[in-house]
Each structure stands twice: as C-alpha cells, then as structure tokens.
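Everything below concerns the one structure shown next.
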Amino acid sequence: MGCVSMTLGIDEAGRGCLAGSLFVAGVVCNEKIALEFLKMGLKDSKKLSPKKRFFLEDKIKTHGEVGFFVVKKSANEIDHLGLGACLKLAIEEIVENGCSLANEIKIDGNTAFGLNKRYPNIQTIIKGDETIAQIAMASVLAKASKDREMLELHALFKEYGWDKNCGYGTKQHIEAINKLGATPFHRHSFTLKNRILNPKLLEVEQRLV
C-alpha cells in the first residue's frame, strides 16, 4: 500500500451566500477508488441533483478506503473573522489532519492562502472540481452539508426561500430581507455591504427555542 499515490482534494460550498455557514471539505483516496466514484456518476457537485449529491455523500462517507473531513464556519464567525480568514482556517485544519495520509494535496481555486510554504505538495487548480475526482468528491460533501443546513433553517424561516436558493442572493431572497429584515443566520457583513437591508435583526429568537 505504501507505493499507492493518495490525493487529498479540497473544495468549499457556501462561499458567496448571504445566509448560513461556509462548508469546506477534504477527501483522500487513491486513483482506483476515485475511478469507482466517477463510474457512479461523480462530477462537479453543482451539476448534480440534490438527490444524487446526498447519494454520493453517503457512498463517500461509508467507503472503507476513503478519508474525509468537513469543517463548518458559521455566519457569525464569517462576520467576526472575515470570509477569507474562515476559508484559510478551514483549509488549514483539513490540510493539517489529512497531509499525513496524502502524497498530493489539490485545492479547488487559485489560492492556497500561503499554506504551500509549509506544505510544498499543495497545488491549486481553477475549476478543479471538473477535472480532479477527489476535489469533486470534496465538493459533493461540502455542497450536501450546505444543502442540509439550509433545508433545516428553512423550516424555521420559510419566508426566505432557503430550500430553493440555499442562502444565495436571489431576487426573492433579497426582497424578503428588505421586507422582513435579517435573521440571526444571515451574514450581516455581506448583507450590509451590499446595502440590501436595514441593520435590524428580525424578532425571531422565539422560533429558535
């Protein structure tokens, strides 16, 4: 087993949302296992139906030869630390936990946040979720986690359409924020920066009990 090349792929979901958490996931496996998932219909998670994403998420998490990590950064953390800092911290946590399992580390996007100085085997790949199976697998875990969170929050705040828009700034979502104000799960740094709401919190704490 020592000579089998293992790749750690990393991707995120929820980066550009107005509401909910950022999820960053990492998946470690060899090329043979990656091929198994490609045969199951694995591709960039944005091109998969929610049903297929949840199916693949279960297969990834229950496969005996796949290592995985999922890190969540809440809207509150994003407001206090900034999106870039949260993304870096989450990627750093995954790399620190997964680096001993992998020969190569591949991150979707164009920045390694300076971590390649400490981990020279890091490679950044733009649209990596379309070309690297392990990044696509990480993309599935991150997006399924984000979908699940927003479906749960939708049960508390149906007016914002989170079951459909997943927290992104759609016309309906922005109109709901303008009309009703923000919830405790909105990223106030995002919504205020975009000047789409009054700085008032919705009186909804009783719904959280």
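Note that Cβ sites are derived from N, Cα and C of the backbone, with glycine treated the same way.
Here Swiss-Prot has ASP11, GLU12 binding divalent metal cation, and the candidate from ASP79, ASP108, ASP147 in that same listed site is ASP108. Note: the divalent metal cation site is recorded as ASP11, GLU12, ASP108; in the same chain, ILE10, ALA13, VAL24, ALA25, ILE107, GLY109, GLY128, ASP129, ILE135, ALA138, SER139, ALA142 also have Cβ atoms within 8 Å of that site's Cβ centroid. Counting only same-chain residues at least 6 apart in sequence, those with a Cβ under 8 Å from the Cβ of GLU12 (divalent metal cation binding site) are LEU22, PHE23, VAL24, ALA25, LEU87, ALA90, ASP108, ALA142. Remark: of the binding-site residues ASP11, ASP108, the most isolated position is ASP108 (fewest other Cβ atoms within 10 Å of its Cβ). For the domain 'RNase H type-2' (5-202), the mean pLDDT of the prediction comes to 93.
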